[in-house]
Structure formats: C-alpha cells, structure tokens
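Asks: Here's the feature list from Swiss-Prot:
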- 5-47: repeat 'WD 1' (REPEAT)
- 66-110: repeat 'WD 2' (REPEAT)
- 119-159: repeat 'WD 3' (REPEAT)
- 165-205: repeat 'WD 4' (REPEAT)
- 208-251: repeat 'WD 5' (REPEAT)
- 255-295: repeat 'WD 6' (REPEAT)
- 298-338: repeat 'WD 7' (REPEAT)
- 380-408: repeat 'WD 8' (REPEAT)
- 474-503: region 'Disordered' (REGION)
- 485-497: compositional bias 'Acidic residues' (COMPBIAS)
- 792-1162: region 'Disordered' (REGION)
- 796-828: compositional bias 'Low complexity' (COMPBIAS)
- 879-892: compositional bias 'Gly residues' (COMPBIAS)
- 933-948: compositional bias 'Pro residues' (COMPBIAS)
- 1054-1063: compositional bias 'Low complexity' (COMPBIAS)
- 1071-1085: compositional bias 'Pro residues' (COMPBIAS)
- 1086-1105: compositional bias 'Low complexity' (COMPBIAS)
- 1106-1144: compositional bias 'Pro residues' (COMPBIAS)
- 1145-1156: compositional bias 'Low complexity' (COMPBIAS)
Amino acid sequence: MVRLREIPRTAAFAWSPDTSAPIVVTGTRAGAVDADFSDETKLELWDLKLDDEGQGLELQPIASISADSRFFDIAWGPPNEDHPRGIIAGALENGSLDLWDAEKLLSGASDAHMSRTTKHTGAIKSLQFNPLKPQILATAGTKGELFIYDVNDISNPFRLGTAAARSDDLECVAWNRKVPHILATGGSGGFVTVWDLKTRKASLTLNNSRKAVSAIAWDPNNSTKLLTATPDDTMPVIFLWDLRNSNAPERTLQGHEQGVLSVSWCQQDSDLLISCGKDNRTIVWNPQTGERYGEFPEVTNWTFSARFNPTNPNLSATASFDGKITIQTLQNTNPSATQAAAQNSLDGEDFFTKAQTQPQGASFTLTKAPLWYQRPVGASFGFGGKVVVFKQTQTAPGQPRASEISISHFSVDSEIGSATEKFEESIKAGDLKSICQSHLENAKSEDETTAWKVMETLVAENPRKQVVEYLGLSAEEAPASPESTTEEGAEKEDAEVEPVKESFKKHKKNRLSTFFTEGGDGDDFLAGLAATKGAKTDSPFHLLREGNTGLEDSVTRAIMLGNFAKAVEICIKADRIADAFLIANCGGKELVDQVQTAYISAKKGSPSYLRLLGSVINDNLWDVVYNADIADWKETMATLCTFAKPEEFPDLCEALGDRLFETGSRQDASFCFLVGSKLEKVVGIWIDALEEAEKNEIQEAEADNTFSVHARSLQQLIEKVTVFRHVTKFQDAEASKTSDWKLASLYDKYIEYADIVAAHGQLSIAQKYLELVPASYSGAEVARKRLQLATTKSGAQPAAARAQQAPAAARLPTRQQPVGYQPPQQQPMSTPYGMPPAPQAQTPAANPYGPPAPSPYAPAGATPYQPQQTSYAPPQPAGGAGAYGPTPGVGYGQPQQNFGAPPPPRNATPSALPPSRTVDAGSWNDVPMVTKAPPPRRSTPSVAPVPSPFANQQAGMAPPPQSPYLGQRGTATPPPPPPKAGQGPPRMASPLTSPPQAGYGGAAPPRPASAASSTYAPPPPAPGQSFGMNAPPARTASPYSVAPAAPPPSNRYAPSPAMQQQQGGPGPAGSMPPPPAMSRPPPTNPYAAAPQQSPAPGGQYAPSPYGAPPQAGQPPMAPPPSSQVGPPPGGRGPLSTPTPPPPRAAAAPPAKTKYPPGDRSHIPASAQQLVEILSRDMERVAAKAPASFAPHVKDTQKRLNYLFDHLNNEELVKPDTIGQLNTLAQAIEAKDYAGAQQLQIKIQTEKTEECGQWIVGVKRLISMSKATP
C-alpha cells in the first residue's frame, strides 16, 4: 500500500461520486478537538491531484465554506441534470440536515448552500443517499429518529418508526445495494433493524449480542447479507449476517484489539473490506472467507472512518483523530530509503513534538489480484468501429510481466448505419404507412408480406373493418338473402341487405319480425287498428269464448292480470315460441332473454347461424373461438372484428391464434396475434422466421459474411417490432418485473441490436432501445453502463499516459520464509476461560463450524496446561458450548475501562524470527518507484526500552492504565498444534466457575511485527508459581453462566476438536501483582454450572462469558504505571520455542447428491406408490387448506420433497423403511389415520438415523389430511 496524499484535518469526509478526477469533501468532525484548539467549523473540498508530479503529500483545499455546526457524517450524491457535480449532504451536530451544490462550491458561488432542514430533535449521526434512487436520502440520529427525504422536496420527509419504539441512539444507516426500498440501521441498543419503505415498518431485527453497532455495510452482490461492526472494546468484532438465517451471524471477523468504528465494503469486489477502530488500525479483509489480508500503517490515534472510492476502488481514505485523512492505495511499493533515514534522525529536542505524528510502519501484499485486475487477456469493442485487444507478451524467466495493446478498426456492414438512420427519421416523422409500403415492396417471403400487410391495415382509421376486408369478407360482397315466403304465397323482396352488425343493431328491438310472417291476417292486420281514444271497429271479439282451449284461456287470464311471466311460461311449454316472444316484449328484457334462451336451446343442432346468433346475443364469443371449425378461422376472425368488445378482443384473437399455431399454421397464427396486439406471442414466431430466413440468405449470398447477414436480418426484425409497437401503442407491463419476462427473447435482440448500432457510433439510438429493456434484466446493465461511460465527458489523464512510458520499477520480492515456517491463519474466536485437559481417546462429533488450521506460533512438545490447585481456584467443571458462542481463537476479556486518551505506541518487536527479505523480485500490484525525494516530515523516534523491575520480564513501554481484571495488551492466544499420531482429538476443558484474575502470566510469542496487539483474556499462572501477596478478590457471579447439572445436549456450534488442545511449556516467573484480596472465597453463582470432574460426552462444551482460555507460555505482564510493588517470588521456567505444527490433511469436499433436487425420474419401483399417494394427498390438502395455514402447508411440501429426493437418490432411507412407508401411505389413502400415526411414531423411534427433516413432513401430512374433508 502507498500513502498518496494527506488531508490535515480531523473531519468527516466523503468521495466525489463521478468518474472524473477524485475530489474529497470534508467537514469538521463533531466531538474532536484540533491541535490548536480551534473552534472553527468548515466544509472544504480537496482535489487529490494524482496526476500532478509536483504535488506534495499534504493538500490544500480548493474550496471552503463556513458552517455553524460540526459534522457527524457527510454524503455526496451522484450528479443529475440540475446538479452536474451532485449534492453534498451534511449530518450536523445541532440536528440540522444541510445540502450544498457541489458545482457551486467549486466555483465559489455565494448561493452554494441549498437548504437546511431541522426535523431531528438531536444530533444526526449518519446519513446516506439511496444508491439505486439517488434522489432519496436517509438520516439517522439520537433518540431512534430515522427520516427519509426526497431531495426534490426536502422539507417534507417522513419518519420510520415511532419515538416509543426506539429510545436508543441510531449510529449508522445503510441502504441495500440491490433492493431500493430496503435499508438497515444500528445503534447503541445493540440491535440492527432492517426497514421496508413500502410498508414503512421494520421487517427484521438482528441481535448484535446486545453490543452497540457502529457501522453497517451491505454485500454489493447479495441482497440478503450485511456486516455489522461493534465499537465495544470487550468485543471488537465484525459480524457477517445472512438475513435468511438471522438467528446467528454467518461469520465473525476478529482482528481488532479495541472497538471497530467504521467498515467499507468494496462495491467492485465483494472479497475486499476495510475496517478501522479505536486500536488505531485499518485492516483489509476478505469478508467472504474471514481471511485477514493485512493492514495499513498504524497511526497514533483512533481511526473513526474508512471508505473506498466508489468509482476507483484502488483508492481508499481513512480519517483519524490524529488530525489527518490519509489517501492510500492497495498497490504496494518499496519503502522509501530517505523516509526511513528521516525516521532515525530525531534528537531529544523535538521528541515530544514529533513522536506522535508519524504512523507506525506496516505493509502487506494481497494474496490475489482484485477482481478488477484479473484480466490477463481481453478484448473490447469500442464505439465508432474500434476494437481494443490487450494480452501478455512472452518474457524471459525472471523478467517483469509485460503486456501489449492493439487497436484496430472494423465495420460490420456499411449499409447498417444508413438504414438505421433512415428508419429512425421515418419513426420520428410518424410516417408509418410509408414504412409498411416500403417493406411490402421488398418482402421476400409470404410470412413477411402478411405481417406488413396486417400492420398497414392497423394504421387505418377503422382497423377492424380493414382486417375484415383483408380477409375478403366485406359487407358489400355478402350474399343476398333468399326470397321470403308466407302461407298465402311468395313475395319477392329486393331490399338490400345491410352489413351484419348494422342489421343487428337496427333490428335489436324487433328480433321477432320474421316469426309473424305465417299469420293469416296479413301484414296490415294490426296496422289497421285505430289506437285513438273512443275508436270503434266492426270486429267485436270475446276475451273468453267457448271455442278457446284451456291453454288459451290461461294465457288470456295471465295477460289480463299483467302476469306476463306466467303467460310466457305457458307458451314456451306449449311450443308457441312466436306467442311467447310477443308477450315477452310487454314484460321487459328479462322475459325476452328467457324466450331467446329457450328457443335457441330448442333449436340445438339446427343451422349454425342460430348458434352464432346465440353467442352474439349472450356475449359469449369464446364458444365461437374454441368450437368453430378451425378451417373457418377467417370467418371467426371476421365475427370477432364485428362483435367483440374492445377489452375482450385481444384475448379472443390470442386464443384463436393459439389454436392455429397448434395445428402448424404459423402464418395464420401470426396474423391473429398481430390483430390482437399480442407482441409476446408474435415475436417468437418472428424470431423463428428470422433465423430461417437468415440461414437461407447465408446459403444464397456467398460474398457476404455471416455476421453482416445477421445484422441486416436483425435490423428488419427491430423495424417490424418498432412499427408494431407504434401502431398498437403497446405498453410493456413487465418492465418493472425482476424475472419471468414473456418478452425475454425480444430483450436479448434489443441488447444485441444496441451493441451493433453503438459499434457504428449511433449511441443515442442504442440508448433508446436499451431503455425498452427492464432495468433488472441480465445483460442490460453492462450495456447501459458502457453507454453511460462513453457519453460521460472525462478530463484528460496525462498521468496514465506517462505511466505507460515509465520504466518498470523495482518490485518487492516474495518473502522467503524460514525452514518449517507456516504463515499464520486468521482464527475464529475462542471460548473464553476454557482450560484444556489432557487429550481424550473419545472422538467428539464433527463440527461444521470448526476453525481452520492451528496457528504455527503455538509451542510444540509441551504438556497441556494444568492450573495449580490453590485455595482460590475452584475445581474445573465440565460445561456445554453455547448455541453460537465464540469458537477457539482470540477471546474477549472482562469489560475494559475506556480512556479518552489514545494508547502510546506499542512495542512491535517480534519474538519469533522475522522472514528474510530480498530486493530483486516483484509483486503483481507494485507501482513505479517514485524517485523524487519526499518532503520533510515528522517521524517517530525509536523509544529506548524501559528496564523491568521484575525478573525475566521483557523490557518495553508500559501500557495505559487498565482494569485490574484485565490482562495486558499482549499477544493473541495461539491455537494448539494438531494431536500426535495415535491420539484421539482432544477435548476442551470446562470453564472456571470464577474466571482467572489478571496478574498470573506466562510467556507466549507476540503478534507478528505489523503492530502490537491486545488480548482481552487474562493470562494464567505458570505451573508451580506461588504468590507472596494477598489472594485475588472474589468476583461477583455472572447471571449469564450456563447452569446445567447434567451434561448439556450436543451442539453443532461447538468448536472444532483441533482447536481445543492448548500446549506450551512453563513460562518465566514474574508477573503483575494481583489486586487486594477479599477475606472469603468467591460467592456461589446460582446460575453457574455445577463442578464436575468428568468431561461432557460428544464434544459438548459450555461457553464462558468473558475471555479466551489461559495459555501457557504467555509473556509476563507489565505493572501499571503507578504500581509500587516488588517482584513476586517464584522460580524460572524454560521458555517454549515456537515450532511449526505438522501439516494438516485437507478436508474432504462435501459429498454431492447423485441427482439434482426435484428430479423424480429415478425413484425405485418399490417407492413409486408411496410417492404418488403422498403427493396426491398433499395436493388435496393444499387445495382445501385455509389461507392462514399456507405457511404450514408450504413447509410440509418442502419436507416431503426432502423424502422424495432421498428416494430418488436411493440414499438414507433403507428398503425395509420404504416398505413401512408404503404401508403408512396406504393407511392415509384408506383414511386410517390412527394406524398411519402409529407407523410414523414407530419409524421415528426405531429408525432415527434414517429420519431427517422429512419425518416431520409425514407427521404433519397425517394431521392435515385428517382435518381436511
């Protein structure tokens, strides 16, 4: 890593979001005091000037503006049309949210300050712009206040949560990187809350071990994973959570010695994370594996903020309370010889003024190149018809790696550019008809002619009428009606027949006119009757006469009484349909419909026009679509064009097209889909036709290359689809979906077409078609980003050009390790205060959460540590591990006192042999060596060792005052070596009822030379050591200790056996004196585990709530600065020598199933009946189960699928068990639920090893089936 620039400020900061030259904005940090005790508060902008060789290490601000309150946090939003440099938002100490225009700040305009909003009642601790919707801003502050702002309406935010729900302060807020309406907050209460803006409620809460949360970061690639940092000095860890299993963290990152204050997850490479905290360190991690790559140079005060550059992840910045913001890079280089000499040139005169200004040296090299660097060879098509190719060149062994870049020009087809421009101009002019006619003239197939002809008809004012005419079924050409006849004779009518629909409308109120032509009185019978008052005729009649039938009299009486419904019913039963229609006209529409239905039902099987008329009358054209002969599809289409309602017309056309497509009539089906505006249906046919036409054209046109033919064919398809969308005014209803798109094949063509036109320099046209693709569609994001980068104006980069001409610099060599040395590996956390007993022969259960290989720093060949039995040490009980307690490694100590002053520089002298160095090799990420002499700066002198007043104690600077219950800031506890051959895995000892007190030290190798570390677990006393001072004080019982009297149940989170044996030789005598003793033994803890002499079986261990197990061989502890004590008595013990452990066998990969989940094609014959019965019954239950039980039904289905997967793979379930399950299934089918339940209990009790998660599903199915009718 290289320190590129330094900003001399104690301030909150943020990176500029654009891709141009990097700029940093800073605001005076709240809660900090400058070296000159200035109370001035400023917002400043800093240009890094990375391309300026004359720029020194320290920068000067390029813009500055005063503020009336200090900052807790700053965010810089992306640029937009109104704000080309983006918006800067400040979280102020006085509770205000201030916004500034970055462009105006840079130009020095007086109106750079945009707004101030004061909704918070206390300080705003954190804020962040939504990465997916930049206009949305979230702020979090004291008293649990969380507000969501729209920067376009900044004065009207809304609040998430209520004042009563969260009384603790919120310290951080972070938006999800994949889902725009999800964000998370963390605060002093120890909880992480995940919020959903759609519901404006909290959707999930994570328990951060009841420790405060200082920072949150979402996984850049996985929307369900996030990191939380803990600022507590007793638990300085980073948790990785998966929201799909929120009960416990997925991984714990441990490496900081004091609280973690900030984390930053690289958006371009999810394998890179930086964190910083109260231990003055900035560590680089791989959060996916928990591996610690290394750390940046250690500074002299707390580092409270660290952030990757959002667009150039090579750069990162770290802010600390020593008054600097350091800009650094991941690339490595050789240390400057002149700078190293300057560090040793201090004299006593300026020691106190310069000792705390120089960071401690540290370096590391990434084990693999970052994701954006992993490009050994590649090619990229540039816009404007260029292709850039880079590749490595062969070099002699031992020579630096070199690459060459070549740029060449290409052109797919010169006609494509002109054709695209001509088509876009016609679309803009709205001249769709000329486009259709042009394509009709040049059509090469019947399918293409039909498609363009239909689209031409759709352009007309009355498209349905045009479609009917295109089918050759226009109303003017309909056949004339036959001669009408009566009983008295035939009379010809020469009236012209009107179109079908017009005729239907005209006679809608007189549908029965043809039924009365058989009357003997002629057409003018009723017309001759007078309707005026007092009219009298010469035709008297009897209402009820002797000649009438009983039916006629009944109808007459019903009509006289106005009971038309009864009269109609009598006429229908007597098959007098004409009379029924006449009476129904007096009774209303319902009676008319009743008579129509009765008549059409009675004439079933009669001529087809009656059935067609019935479908039209009843608005049931689906009968025509599905049941009419498919050979008459044109007539069916004409009927739909005439009578279908607008809202039903597209679906009816689609159904008719599906019938045609099933018969193989692709062209006719395409016609129906086009008329119905079903783009998702017709586009598949067009793409198939495109591929066929492309193959034929490739065979015919031998001169053209295949891609040129493909490009022209794709151009024709895009034009066809574009015209169709304009004609039908098509709106893509699936543009907001995230999966299962019906137009996925069209989206692929859009992306491909955009690439082609962009290669010809037509970027705006490419952007137009990419906007038609959903935002979350795979492949569209890359194309959009490339267009965005191409259209973004970026400044010149002379530094990059000069870097290409610079000679290769000397590189750091690969470090040579001494013989037998193995690099240390990051270890998970240990169960605190657990002491290892002698190895046991019994093998504990396998632990899937076991730690990796043990540390090579553990001393070999020594006996396990056995504490001396004194009157103050209780017996060693056996306990069980917690549900997800810390695994072996560096544990936590008791609560440590936090002091405001930073700790003094640590002694980083390693006790082990440092690796050798050479100067002639290089690393992958070296940068050219800067030969220019660095500017003079202050440096840290070497501190003379302080003689120790105690025998056998290493000299060094005394640590700051600490709690008497804490050990010194010493080394991390090393894991043990693996067990010797022939021995069973060791078992972890039980934790002490009362944890060991500080002041009992041994010797252990310190942390590697990057920086001195701190451990939170007190060291144990050396064997045989005695104390001539007071006894240690009694400790208050912990309410969190585990208290089972019998061995607790097996726990799959127990630590790996390989980490449970601690070996080491006796350490030297001498230690920090213990605190004053109490006069009685420690009080009994009613919640603590009862002391037991035998270990728990099966690797079941109890967690200790405080620190790591005491280790033999730890260094003696230094006394507090003010202690006036003499050395304790005791003999010396030989120091253990670190020796490398034997290599560990690689763990076997997990066994893969024979067939994938969900496959049911390999179920044996003996189990097929079982699967069929259970599946059938499960479907029955699922169909009838209440909606409130849907989760239970879904879980039962999932568990039954586990059983089916086992049967399909012929694993786990034995043949005799399959027979029992067959009997159980038959009992369920016979509804013998009592027998089925007895069989289930028998299988579960006798075949436990075969019963996985599926047995619960069987049990639930029996209960649900019994309760479902």
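Cβ from N, Cα, C; glycine included.
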Asks: Given the repeat 'WD 4' (165-205), which of the listed stretches 5-47, 66-110, 119-159, 298-338 has the most Cβ pairs that are under 8 Å apart from it?
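Replies: Between the stretches 5-47, 66-110, 119-159, 298-338, 119-159 has the largest tally.
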Asks: With Cβ distances under 8 Å as the criterion, find the stretch in 5-47, 66-110, 298-338 that has the most pairs with the repeat 'WD 3' (119-159).
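Replies: If we count Cβ pairs closer than 8 Å to the repeat 'WD 3' (119-159), 66-110 scores highest.
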Asks: With DSSP, how much of the repeat 'WD 5' (208-251) is helix, how much strand and how much coil, in residues?
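Replies: Reading the DSSP string over the repeat 'WD 5' (208-251) gives 3 helix, 16 strand, 25 coil.
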Asks: Six or more residues beyond either end and a Cβ under 8 Å away: which residues meet both conditions relative to the repeat 'WD 1' (5-47)?
Replies: 55, 57-79, 85-86, 88, 90-93, 100, 102, 105-106, 123, 304-305, 307, 309-312, 315, 317, 319-327, 789, 792, 794-795
Asks: Summarise the repeat 'WD 6' (255-295) as counts of helix, strand and coil residues per DSSP.
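Replies: Tallying H, G and I as helix, E and B as strand, the rest coil: 0 helix, 21 strand, 20 coil.
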Asks: Count up the helix, strand and coil residues in the repeat 'WD 3' (119-159) according to DSSP, in that order.
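Replies: Its residues fall into 3 helix, 24 strand, 14 coil.
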Asks: If you average pLDDT over the repeat 'WD 4' (165-205), what do you get?
Replies: 91
